[in-house]
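Read the structure below first, then the notes.
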Amino acid sequence: ALAPGIRLLRALPRDSRYRGLTLVLTFLCYTSYHLSRKPISIVKSQLHPNCSALGPNPHNDSNSSTWCSWAPFDGDNYKELFGALDNAFLVAYAIGMFISGIFGERLPLRYYLSGGMVLSGLFTALFGLGYFWDIHVLWYFIVVQVCNGLVQTTGWPAVVACVGNWFGKGKRGLIMGIWNSHTSVGNILGSLIAGAWVSSAWGLSFVVPGIIITTVGIICFFFLVEYPEDVDCSPPLHHVSSIDSHLSGQSGVDSSNSPKEPAEEPEAISFLGALRIPGVVEFSLCLLFAKLVSYTFLYWLPLYIVNVAHFGAKEAGDLSTLFDVGGILGGIFAGLISDYTGGRATTCCVMLVVAAPMLFLYNHVGQNGIGTSIAMLIICGALVNGPYALITTAVSADLGTHESLKENAKALSTVTAIIDGTGSVGAALGPLLAGLISPTGWNNVFYMLIAADVLACLLLARVVVKEVRGWCGYMARKRGYVR
C-alpha cells in the first residue's frame, strides 16, 4: 500500500499540488533569507558586552574596561559602528533592489533565486569566519555586509513573482498574509540559532545560517516551478472588484490572464512604466516609513532590551522573538481584513494609527514586568509588521497584475522591487538614525519611530479616500437596487 502522505497528494488536484509546492518552497526560501539577516542583531551585544559583569580582567597587560569586547567595536563609539554595519547592508540592499527587479523579469527566476541564496550563504558565513580568523578591521565586516546586502536583493522580487504567478487576487491577502509569516519565522529561527552560540563562539551564529540558506537554495534549484503553464496547470485569475477599483480609477471588471504562449510572451515592463501604475508611488512611500520602524526593531530591539531591562544577550534575543510572533499574527490579520473589505490602504492606515500610541506605551511601561513585556511586544509586532507585510505581499502582487497592464504579467518582479526597494531606503535610515539618536536616550528613538508611523499613514491618505468613496458608491448602488 502507498504511504498515507502519497495517497493524500494523489487525491489532491494537480493544480493544488503544484501550488502547495510553490508556497512551501518560496516560504522556506525567504525564511532562510531572514534567518541569515538576524544574527547581526543578536551578536551586537556580544561584540561590546559589559565586561565588568564577567569578573576581573584576566589580561594582566591591560586595564581596559572593555577587555572582553571584540575590536574594533571596543571603543566608546561602538553604537555608531554598529549603525555603520547595519547601514552598509541596508543601503546596498536598497540600491540593489531597484536593479534586482529588472533582472528578475528578464532571467529565469529559479536560477536567479537559487544563485542569490548560495551567494548569500557565502557572505553570511564570511562575516562569522572573521571570528575564527581573528579579524579586527572594520573594513572587512563592512565589505561583507555590502556584498551580502546586494545579493540578498535576489530574494523578495523572485518569491513574490512566483507566488503571484500561481495565485489570483480572490484570497491573495489571506494566503499571502499566512505565507508572509516566513519573515517572522526566519527572524525567530535566526535569533534562536544565533543565540545558541552567541556567548561561546559568535562566529557560528553566522556560519550555521549561511549553511542553511545555501542548502535551501540548492533545493530551490531542483524543485521550483515558476509558471503554472510550465507544468500544464491553469493560470490564476487576476481581477479587480468593485470595492478596490480605486487602484485603477475604473469600475470593477474581471480580467483573467490567458495562458501564455511561448511565441507571444509579452515584454517585461520598464521602470517608469511600473511607476505609472496607480497606487505604486503611494504604497512605496508608505512602506519607506513603515519599514523604517520594522527594521529598527529588527536590528536594535535585542540591544534595547539588554540596556533597559538588563537581560543577558541570549535572554534578550529570545525575548525579541515575541515581536516577530506578533508580526505573524499581524500579517495574517491584515490580509484577512483587507480581503474581506477590499481596502488594502485603509487596513494599513488603521493599523499604523493604532501602532503609534502602542509604541509609546511599550517604551514607558513595557519593561514593568515580564508579562507586560511579552504582551506589549506581541501587540507592537502585530501593528508594526501587519501593514509592512500587506504592502510587500498582496498589494505588490495586486499592482503587479493590475488591469492597466492589459494582461501583461511581466511586471510582478519590477513592481515588487520598486515598492520594497523604496521601503528598504527606510530600512537603511531607521537603524542608522537609531544609532545616532540612542546616545541621547531611548525615548528619542521611540519618538522617531512614532513620527515615522504617522507619516506612513498620511502618505496613504489619497488612496484611503478613494477606497472610502468606492465603498460609499457601492452601498449607494446596493440601496438603489433594493428599492
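Just so you know, glycine gets a Cβ as well, placed from its N, Cα and C.
Bear in mind that TrEMBL entries carry predicted annotations, made automatically and left uncurated.
Per TrEMBL, domain 'Major facilitator superfamily (MFS) profile' is recorded for 25-469.
Marked as transmembrane segment by TrEMBL: 81-104 (among others).
Feature annotation from TrEMBL assigns transmembrane segment to 111-133 (among others).
For 139-167 (among others), the entry in TrEMBL reads transmembrane segment.
Beyond the transmembrane segment (179-198), the same-chain residues lying 6 or more positions past its ends with a Cβ under 8 Å from any Cβ of the stretch are 23, 26-28, 30-39, 41-43, 45-46, 163, 204-206, 208-209, 212, 298, 302, 313-314, 317-318, 320-321, 324-325, 327-328, 331-332, 335, 381, 385, 389, 392-393. Taken from TrEMBL, the feature transmembrane segment applies to 179-198 (among others).
The transmembrane segment annotation in TrEMBL covers 204-225 (among others).
Residues annotated as transmembrane segment in TrEMBL: 280-301 (among others).
For 321-338 (among others), the entry in TrEMBL reads transmembrane segment.
Counting same-chain residues at least six beyond the ends of the transmembrane segment (345-362), those with a Cβ under 8 angstroms from any Cβ of the stretch are 246, 279, 282-283, 286, 290, 293, 330, 334, 337-338, 376-377, 379-380, 383-384, 386-387, 390-391, 446, 449-450, 453-454, 456-457, 460-461, 463-464, 466-468. Positions annotated as transmembrane segment by TrEMBL: 345-362 (among others).
If you look at the transmembrane segment (374-399), the same-chain residues 6 or more away from its ends with a CB under 8 A from one of its CBs are 156, 160, 163-164, 167, 169, 172-173, 176-177, 179-180, 183-184, 244, 247, 277, 279-280, 283, 286-287, 290-291, 293-294, 297, 319-320, 322-327, 329-331, 333-335, 338-339, 344, 347-349, 351-352, 354-355, 358-359, 361-362, 365-366, 412, 415-416, 419-420, 423, 453, 456. The transmembrane segment annotation in TrEMBL covers 374-399 (among others).
For the transmembrane segment (411-433), same-chain residues at least 6 beyond its ends with a Cβ under 8 Å from one of its own Cβ atoms are 83, 86-87, 90-91, 93-94, 97-102, 104-105, 109, 153, 156-158, 160-161, 164-165, 268-271, 273-275, 277, 280, 283-285, 287-296, 299-300, 388, 391-392, 395-397, 399-402, 405, 445, 448-449, 452. Residues or ranges marked as transmembrane segment by TrEMBL: 411-433 (among others).
Positions annotated as transmembrane segment by TrEMBL: 445-465 (among others).
Outside the transmembrane segment (111-133) by six or more residues, the chain places 29, 32-33, 36, 39-40, 70, 103-104, 140-141, 144-145, 147-148, 151-155, 158-159, 162, 201-207, 209-218, 220-221, 224 with a CB less than 8 A from a CB of the stretch. Looking at the domain 'Major facilitator superfamily (MFS) profile' (25-469) alone, the prediction's average pLDDT is 82.
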